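Presented below is the structure to which this report refers.
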């Protein structure tokens, strides 16, 4: 009799506590997910010399955008800059 009461209480405790364990796991996943996304975004938004060959291509939905820019105010020399950006 005592053993059956023990098992009943044991199963009630498991059923009562189990949702808390699941919620904790979901919270842990939500906490680590932004860190992974942030790392991915940093690797997607990188400066490059050209958009050709896409060795380290832009991550979707980012696209490679290039433009020419003068090196300094008094210089006529232009430099090509490329960067992954959202369009």
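Cβ atoms are placed via backbone N, Cα and C, with glycine included.
Given the structure is predicted, the values throughout are model-derived calculations rather than measurements.
Annotation source Swiss-Prot lists signal peptide at 1-17, citing sequence analysis.
What Swiss-Prot records for 44-59 (among others) is disulfide bond, and it gives similarity to another entry as the kind of evidence.
Sequence-distant neighbours of residue 51 (disulfide bond) (same chain, 6+ apart, CB under 8 A from its CB) are 64, 65, 66, 82. Secondary structure at residue 51 (disulfide bond), taken from DSSP and collapsed to helix, strand or coil, is coil. The feature disulfide bond is assigned by Swiss-Prot to 51-64 (among others).
Summarising the annotation, Swiss-Prot assigns disulfide bond to 58-84 (among others) and lists similarity to another entry as the type of evidence. According to DSSP, residue 84 (disulfide bond) sits within a strand segment.
Following the DSSP three-state reduction, the secondary structure of residue 66 (disulfide bond) is strand. Feature annotation from Swiss-Prot assigns disulfide bond to 66-82 (among others).
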Sparsest Cβ surroundings (other CB atoms within 10 Å) among the disulfide-bonded residues 64, 84: 64
Most crowded position, judged by CB atoms within 10 A, among 58, 82 as disulfide-bonded residues: 58
C-beta crowding around residue 66 (disulfide bond), within 10 angstroms: 13
